[in-house]
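As recorded in TrEMBL, the features of this protein are as follows:
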type: TRANSMEM; residues: 18-39; note: transmembrane segment
type: TRANSMEM; residues: 59-81; note: transmembrane segment
type: TRANSMEM; residues: 154-177; note: transmembrane segment
type: TRANSMEM; residues: 238-262; note: transmembrane segment
Amino acid sequence: GLLECCARCLVGAPFASLVATGLCFFGVALFCGCGHEALTGTEKLIETYFSKNYQDYEYLINVIHAFQYVIYGTASFFFLYGALLLAEGFYTTGAVRQIFGDYKTTICGKGLSATVTGGQKGRGSRGQHQAHSLERVCHCLGKWLGHPDKFVGITYALTIVWLLVFACSAVPVYIYFNTWTTCQSIAFPSKTSASIGSLCADARMYGVLPWNAFPGKVCGSNLLSICKTAEFQMTFHLFIAAFVGAAATLVSLLTFMIAATYNFAVLKLMGRGTKF
């Protein structure tokens, strides 16, 4: 009865796509949310401690705001594309398992079919019209999802692009980690042979500020006091969280690509072509 229906439906569920979708949503939310706040914290640190002239960091602020708008678009795109990939996973996995005989029509499938087609004869014209409209929508969606080769190509290109994003997200983590390491050397001078006054964090060295920016760098005990602020600690950890989110998204895209490639290869080898 109902238990058998649920068990049969679970057999056709694309578990790889489900895990990848959850990982994708989690990673994108972590990357976009933490990245947005980390950029805001960086802006405040620069204008508070590293430059006294607004013109020195005006360009940086414009770049930060542009990146924040890109983050909004990235979040929207990935949540939509993740949903499409999940639908494609259901569609292709069901077709593959039908080929191998692992997924057969049951009472559950018949019930869904009756819902789409309007059920048994004797229904009113209004119910038949609604069922016909749903059937057309499902048919159009099925035709569009019936091209796994296109999803493989798009996901492959998107994975390459996101690999670059993942690499770029490591840059601010590297900068903040170097600053934190310098602060540790200042806090424990016995572990280094350099004088405390010569230990500095120079924002100009990383291209964050122009070389004529003043002061551009902070040294010694002043730098240590900055590292102890909650603002610096929070921004540092937010960039680490954004980096982890980018890594999770990259893993989800690789999982999607492997699953879609497998399903497409099976359908192609079994003579179903690129359309099914």
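Glycine is no exception: its Cβ is also placed from the backbone N, Cα and C atoms.
Panel annotation: around the transmembrane segment (18-39), residues 64, 67-68, 71-72, 74-75, 78-79, 82-83, 85-86, 89, 169, 172, 235, 238-239, 241-242, 244-253, 255-256, 259 of the same chain, lying at least six beyond its termini, place a Cβ under 8 Å from a Cβ of the stretch. For the transmembrane segment (238-262), the residues of the chain that approach it from at least six positions outside its boundaries are 14, 16-17, 19-21, 23-24, 26-32, 34-35, 37-38, 41, 78, 82, 85, 88-89, 92-93, 148, 151-152, 155-156, 158-159, 162-163, 165-166, 169-170, 172-173, 176, judged by C-beta separation under 8 angstroms. Sequence-distant contacts of the transmembrane segment (59-81) (same chain, six or more residues past either end, CB-CB distance under 8 Å): 24-25, 28-29, 31-32, 35-36, 39-40, 42-43, 46-47, 158, 208-209, 249.
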